[in-house]
Structure formats: structure tokens, C-alpha cells
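Now, the feature entries from TrEMBL:
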BINDING   B:His96, B:Asp107, B:His206  Zn(2+) 1 binding site
BINDING   B:Asp107, B:Glu142, B:His393  Zn(2+) 2 binding site
DOMAIN    B:225-328  domain 'Peptidase M20 dimerisation'
There are 2 protein chains.
Amino acid sequence: MMRAGTHHLADDALRAAASVDDTRLLASIEALAAFGARSDGGVNRPALSATDLEARRHLVGYAHALGCTVTTDACANLFIHRPGSDAAPPVMTGSHIDTQPSGGKLDGCYGVLAGLECMAALNDAGIRTRRPLEVAIWTNEEGTRFAPGAMGSSAFVEPSRMPAYLNAADADGVTLGAALERYRHALPGLPSRGDAPPAHAFVELHIEQGPQLENAGVPLGIVTGIQGVRWYEFHCQGVAAHAGTTPMPMRRDAMTLAVALRASLEAIATSLGGEHTRITFGRWSVTPNSINTIPSDVTFSVDFRHPDAHVLDSFDAQVSACAQRHGARIAPLFTHAPVRFDATVLARLDAACHALEAPALRLTSGAFHDAMYLSQHCPTAMLFVPSRDGISHNPAEATDARHLVLGARALAHTLTTLCND
Amino acid sequence: MMRAGTHHLADDALRAAASVDDTRLLASIEALAAFGARSDGGVNRPALSATDLEARRHLVGYAHALGCTVTTDACANLFIHRPGSDAAPPVMTGSHIDTQPSGGKLDGCYGVLAGLECMAALNDAGIRTRRPLEVAIWTNEEGTRFAPGAMGSSAFVEPSRMPAYLNAADADGVTLGAALERYRHALPGLPSRGDAPPAHAFVELHIEQGPQLENAGVPLGIVTGIQGVRWYEFHCQGVAAHAGTTPMPMRRDAMTLAVALRASLEAIATSLGGEHTRITFGRWSVTPNSINTIPSDVTFSVDFRHPDAHVLDSFDAQVSACAQRHGARIAPLFTHAPVRFDATVLARLDAACHALEAPALRLTSGAFHDAMYLSQHCPTAMLFVPSRDGISHNPAEATDARHLVLGARALAHTLTTLCND
């Protein structure tokens, strides 16, 4: 039996988890999805767009109602702060609320709203943690309005990135700098804080965006790291010629070259990386792109991901040689090493799943997340819930309500134990 | 010895051919290429664009200087008329002056300018032919601004096509109707004539746009017909999914489907058509065309040409079944049966080459030409000069000057004999 004023800390975590309110959590997801709602049920909410600013105002109002303070920083990240009993570095959670142009309701938003639900649950349970708890909303994670993605979290951990980011322009030529100016006018009165203060830990809850949990029939995923990635662009040069007059043996069709190169690259990736290989040829540009002209130029992108840094390095070496054999030009666009999350935070996630009697799978994230950068700042790990049919970046993105609630309970448990360290 | 007033008709043809002025012809090609000149030496002159209207004004001025009258019609075709001694149906020649977006100086333009050079040569030689000679400039042959191509010549032979053509819109949404309105304002005072009057013959001089003459080392090609054609669009449907999270075996990548279908279609075309097969996959559209999303939709075009109508029909039958096997949708875009040119006009071309002691090859055109439609209106044939490296629809399009001059001389000979029928 517990008496008022004599909290048992392990009980705090279980009580916080139990106080997660499923109706309130699910309603908060629907409420946020109204900002930038698409007619097909999806969401289109570019970073720092008018709808994003309205969504932020909505969340700031909710944070104030929870008794939290809200601050911002140079990259428009928002920090929703629930005080602790001590002035120790906070435990952080959160994610992002910008979406793909035809995105869903959960990617990013779920992690932010589950974090706020944890604060509401702690309030309801009358728990005052030792450390503060902070929900972060990271700016422009998707990278579809401004490149690169994860701007907010990467600028948080490395503020020297900001001067370059300020010049990044969207498709209409609006720079991040101009969008930030508009943000400061739209949400006045938010205190801005300087460089990132120390944090005790960061835990990001997210939908899996893949099929592994669903296939395994397991409701929670403890994410041990993030795959490394290589982005390349390949350019194949042919000769534009008339479709009707050029005999087949005389043609130098850039698409024929590109299709052969694509097959070679996929074979290399598969032979190097085995079943963990993810290789995608997502973006194509064909010139002159005319029915009756043989293509002279084809450019295509390669996205290669693997959890093993050695495999990524070998891929780098082999694709250069492969491009040369095919007479293609190669341009590296982006690279990120694999990330290993913190063993101590992973152990707290294990303990939470155990305490809630929720089966959990250990897995590697195939997608980037803000946690990729936060892991450079403080002990970090992630928790996943299943994605129905593995679908994400799509209006059809969905997760069963019981999984959404269970994920929020496991997050509440984990954050509470970390806050009481 | 010839005396004034007692022309020997065969001598007229030789004298007209001899009066072709190489410097004037080559200068006229450069002068026309200045309208819409590209920095890479090519030409970009969309049909009825501002540069096309300026080019037309330039040619109308030159026609008047030659003593010709100029009329137009409902599709903005221009008719440059050199009177004959009788009011008999004219002999027609000409081609088009619109270009591909990255086109060359010769495709179409050469036929128009060689026709005007024949008129100048007849003037210089003091020859009055029995029949009038008419140089036509056909509107929108390339079909890259407004679809379909060969609008002007097809509307000339079949005016009932015009109402549909008027609604054809370019990439900016400007209709042919609106472009014609602008044309009539830009070139006022050109008398418009009604439905196509009878013609005695049509002869179109053109660059080959392929390598056959060059490979054979022969300076002139007598074109006995035009390959038939099928244009299709194929659509492959996949599922958009996250590049980092979706295991390879679970993917349904629309580009993977499209690449396999492309290979099957090429195999069908080759097995049906043998060495005469021309198959081109020129236009591609990939959705969502994002580096880190698996393609959900790929659409590509097929241009298949063959001189044998039975092969084209068999292709129609087999591609439908092939699309079904691959789970793809198929949409026919355009079809045209093979064309056989007129034996009498071909004999006149033979005679001209013989008289000029110029070796000639008989061949089939792989490209469409306005002559394809004119052959429905009057006895028609074509004459080709070589294309260097077989290249066309490209700024590098070129023909040796001596071949350009020889082609114009053979045209002058042929037109003169036809005009004296």
C-alpha cells in the first residue's frame, strides 16, 4: 500500500503508464491531423508552412494547459518543459510534426503527442519526478520543404550548421531564414534559448514505417540503432536520335544504359549486404523525354542502407568501379554512418516492456529519425509500434489503437524511471 | 543552242538545277536558324511561338522579294505561289519550320528553303513553267508544342480535323485556337484560302535523319514510302513505401515492373519485325519521384515502326496480351498505316538523279513527314539527303554542304519537269 508523500519510484513508473488515457491520446492525434488535412485522409503539413504554424500554436496552447513552459531556439524547435523537483538536466522525448506532401497522421506526430500524453498522465497521477521532463518538437525532419532533413535536431546538436541552413530554399524560393522570420512573428512571446543545454537522455517513440513488427506479431520494437545510408545520383549519357530512323544496333539509348546499371547496382548491394540490404532507385529524370526521340540523358538516384558500416564502405568502393564500367557519372549526395543507441536507455526500454508484460522485438531502424542526431548529444534510444502493412509516407499510414496506447504507456514508464534517476 | 522564247522543256529542268546558288541556299539556312537559336548551335522554335512568327515574317518577306504571292489557311499553313503560264493545278513542295525543343537547323527547314531556292533559280534562269509552283510551310509538324504532329498537313488534306485541333493545348495551357488568333494578329494582310485546291504533285525534300545514305556512301535517297507506326503508353502500378524500412522481397516497385515490361516489349518487336524494327521508349514519368520512396507509378511511351502493316497488326495483338501478363495498363496514343509513294513522281525523281549523274538509293522513311498526309491529296514522293552520323532532333544535326546543294538541284529538276507536265 502506498501513502501520500512516500512514493516508491518503481510504482511511479507503473502509475504513470496506467494513467495514459487512450481516448485523450487518440483524440489528440485526430486534432493535430486537422492542420493540413488532405481529402484522402492524409496530411500535408510542410515545415514552417501556415498550417504548421497553426499546429504549433495549437500544441503550445495544450502545453500551457498542462502547466508546462514552452521555449524555442534558433531553428524553431519547440521545448515543452515539465519541471522536476531538482534542477538536474532533463529527460527529453519528442519527434516532429512536419509531414511528407502526401503523408499520414502518425509519422513524427505520434511521438510528440505520446510525449505530451505522458505529461498529462504524470499530472493525473500526481507524480512529481526528480528531473524535468521535456517534449521536443524538431523542425523540418522530413526534409521535403527544406533540404536536408532533420534540420532542427541536427542544428540542436551542432549549432554551427545554422548559417548554411538559413540559406536553404524551398521549391518557391523561400529560404529557411525567411520562414523562421515568419514563425517568430506568428508565435510571438516564446522565450528563445541559446545552445542546447545538457540532457540526461532522449527517447523517441515512433511508428516503425516497415513491416517487421507486424510480421512478427509483436506490439513493441526496441530500436538498437539506425541503418547507415548512402545517397548517390548516377548519370548515363546516350545520344538523342530519331525514333523512326535509327536502326537498333546503332542506338545509344541512355535508358538502356541506365537499366543495365540499375541491375548491376542492385546485384552489388544484394551480394554485399544480404537480407539487410535496402536499395531504392526512387528519382528518375529522362531527357528529352519525348515519345519519338531516343533518350540522350538519364539521371537516377540510389538510396542504399545497411546497419553495417563495412558494407556501406564496400558499396562506396564497388559502385565507383561499376559506374566507370558502365560509362556513367556518379555523384554522392548524402552519407550517414550507422548509429548504435545507448545500452542504458535500451535497458530501461526493456524494463518498461517487461513491467507492462508487453512482448518486444529488438530491431534496427531503416528510416532516419531525429534520434540519429540526438544520440550525439546524450544517451539515446527509440521505441517503435507496428505500422499496418508496413506502410508510411502515405495517407494510408495506420497503427492499431491498442498499439498506439501500449507504446505511450511504455514511453511513460521509461521516461518516469529516467526522470527519477 | 537555245534561242529566247523557244524553251526545250528538258533543258528547263537542267538549267533550273544549274541555277541553284549554293551560297544563297546555305546563307538562307543560317538566316532561318537565327530565329530561336540555341547557345549550343541548335534551334528551339515551337510551332506558332513568337520566334516562329518572326521566322514566318522573314520568309514571307523573302517570298515577296522573289515575286511570289503568299496565302494562308485555317491551320496557319503558308503557301508561297510562283505563277505558271497556265491556270493548272500547281506542283507543290515544302516542309515545316517548327523544331524539336533541342532541334537542329535542317529538319523541315531544309525542304522549305530548298523550295524557295528552286523558285529563285527559276527566276535567275528566266524560266516560266506551265504550271504554278508552290512552296508550302506546314504548321506544327513536330507535334512537340501541340499534339498530334503534322497538324497543318493533316488539316489541309482533311479539314474536318480542325475543330478538334483547335482545342489542343500546349504545356502552358495555350490552345491552338488561341495561338492561331495571335498568328493572325502578328501577320495581318495574308489572304486566307479555303479548302485545299487540287495539286498536280507534292515533292518533299528532307534530311534522312538516319544513317542509311551515309553508310551506303550515296548522296541522294529516293523515298518509296513511310513506315507505319504505333504509339502506346504503358502504366505500371506499384506501391509507394519507405526506402529504408521496406525489405526487398516485400516491395512492389513500379520501376522494377516497368523495366521488365520494357524488355518483353522489345523482345516482341524484334521477333516480329527483324532488322526493320524500330522500337523506342522515349518518355518516362515516375511517381512520387523521391529519393527515399519506392516508386508507386511509372508511365512510359512506346514508339514502334515497321514498313509492313501485318507486323504492326501483330504487334498490336501481342502487346495487349503482354501488358496483361505484366499487370500493366495500356493506352494506344496514335497509329498510322505504312504509306507507299506515287510511282510517277518516283520516276521523275529517278530521272532527275540520272540527269544530274547523282547516285541515289531507294529507301523507306523511318520518320513521319507532311508527305505522309499529302499523299492522300495528290501524287507524292520524297527525296532525302544524308544526315551526318545519322543524327537528327539534336543540335548536332548536320549535312555536308555539297549534299544540301545536290538535293536542291535534284529538287529543282524534278519540280521543273512536273511543272511542265
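Just so you know, glycine gets a Cβ as well, placed from its N, Cα and C.
Just so you know, TrEMBL annotations never went through curation; they're auto-generated.
B:His206 (Zn(2+) 1 binding site) has a Cβ environment of 28 other Cβ atoms inside 10 Å.
Around the Cβ of B:His393 (Zn(2+) 2 binding site), the number of neighbouring Cβ atoms within 10 Å comes to 29. With respect to Cβ neighbours within 10 Å, the binding-site residues B:Asp107, B:Glu142 differ, and B:Glu142 shows the lowest count. Listed binding-site residues B:His96, B:Asp107, B:Glu142, B:His206, B:His393 compared with chain A at a CB cut-off under 8 A give B:His393 as the close ones. Within its own chain, B:His96 (Zn(2+) 1 binding site) has B:Gly108, B:Gly111, B:Val112, B:Ile137, B:Trp138, B:Thr139, B:Asn140, B:Glu141, B:Glu142, B:Gly152, B:Asp370 as residues 6 or more apart in sequence whose C-beta sits under 8 angstroms from its own.
A gap of 8 Å separates the Cα atoms of B:His393 (Zn(2+) 2 binding site) and B:Asp107 (Zn(2+) 1 binding site). A Cβ within 8 Å of the Cβ centre of B:His96, B:Asp107, B:His206, the residues given for Zn(2+) 1, is found for these other residues of the same chain: B:Ser95, B:Leu106, B:Gly108, B:Cys109, B:Tyr110, B:Gly111, B:Glu141, B:Ile207, B:His369. Broken down by DSSP into helix, strand and coil, the domain 'Peptidase M20 dimerisation' (B:225-328) contains 43 helix, 31 strand, 30 coil.
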